[in-house]
Amino acid sequence: MDLTLPESGWTLRLVGLGAITSLGASIPVGYNIGVINAPTEFIKHWSNETIYRRYNVLLSDDSLRAIIASIISIALIGGVIGSLQGAYLADKYGRKKSFLFCALLLTGGALCFLCCRAASSVELLLLGRLLVGLASGLTTGVIPMYLAEVSPIKLRGAMGVLCPLGLTTGVVVAQVASLEQALGTEEHWHYALGCFAVLNLFCYAFYFWIPESPKYLYSVKGDQAGSLRAIRKLFGRHTIGDDYIKLQMECANGQNGPPAQEDGQPQANRSLWSVVRDPTLTLPLVLVCALQGGQQLSGINAACRYNVWRCHRDGHYRASDRAGDSRHKRIALLRTNRMSNEKIFRVTECGQLTTAAEQGAWHRHCDATVQALHAVLPENVFHSADHTAVLVLVTDRYFCLGL
């Protein structure tokens, strides 16, 4: 059998797989990160009226703020649960079916958003946010794994960047869709929340066209023939990917042992505690936790979910400022998307370590710049909607690298 690899490494099915996972899951997840910010006031008024009409309960300002905070934050709770279950689902049902689960959860959340006003149900809105949160955690855990396992070694970094690229693209699309000139109105805010379901059709339409992960079939299921079929489906009928050759060499050298037991059953999965106690995995765990922690501490959650609410609360937001605020956010988020596109080529050409080091240097540079501006510029600059564009343009790289 001919074991030659594709010369370029890129094939139509590999590119299509990256596009399908991005359109079907990553972009909708990013969309749900950014879309909840603009219609917060509309949701607040609707929730107050709905609860009074259904339960004859007049909410206080504190109770109403608690409900809005719950609607926003329940997606984060779902994200934690989804990320914790991602590894279990990916090993039990496969990477491809886990991708389908992500799309189903997103579609279920979109249906809840679209029907909550007709049903006059705040609970349905909460359920929708919980479902998209579960999908978000599952997507960020499964999709990068799926893309890495179907990619040749030299393209693995570029394919792995597609998931965060989809997230940032989804945030940009959400900011545009939630404008008052689009769907960000009191009559159409629920359409803004749920219109991303159209993108899930890419998952359903091409589900049988994309292959399962060859590494999952070989290492977890012990299906060598299925792994070979998946690789041929990805790279051509008479071509075997380099991942398959590497796995064969590792098994021949006894590094990983046989992919399955003698009775044909797959090996037992490692527990989380065994991974934590493994000294060979200490450094990778520290690096992953540090990068993820830095992402969450970058301020992106406050920027995407709470900035309108905070400006209203502090008295710095007027109705006339909405267009300016949206314009400044679009500038920063479009820069975010551009940086994500650049990262694909940086990872491919320079490697992940160099790219991560550059990100750290930019973090420190932007931190120092913002602190210097805050010390030099007058205080009223930071309360003017027209001048905040200066800070947005300075800090956009910080947030895009954090995201």
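From the backbone N, Cα and C atoms, a Cβ is placed for every residue, glycine too.
Note that TrEMBL annotation is computational and uncurated.
Annotated features in TrEMBL:
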- 18-403: domain 'Major facilitator superfamily (MFS) profile' (DOMAIN)
- 66-87: transmembrane segment (TRANSMEM)
- 99-120: transmembrane segment (TRANSMEM)
- 126-147: transmembrane segment (TRANSMEM)
- 159-177: transmembrane segment (TRANSMEM)
- 189-210: transmembrane segment (TRANSMEM)
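Averaged over the domain 'Major facilitator superfamily (MFS) profile' (18-403), the predicted model has a pLDDT of 76.
For the transmembrane segment (126-147), the list of distant contacts is 17-18, 21, 25-26, 28-29, 32-33, 36, 70-72, 74-87, 89-90, 95-96, 98-99, 101-103, 105-106, 108-113, 116, 159-160, 162-163, 167, 193-194, 213: same-chain residues at least six beyond its ends, Cβ to Cβ under 8 Å. A Cβ distance under 8 Å defines the sequence-distant neighbours of the transmembrane segment (66-87), meaning residues of its chain 6+ beyond its ends; these are 32, 36, 40, 43-44, 47, 51, 59, 98, 105, 122, 125-126, 129-142, 301, 305-306, 309.
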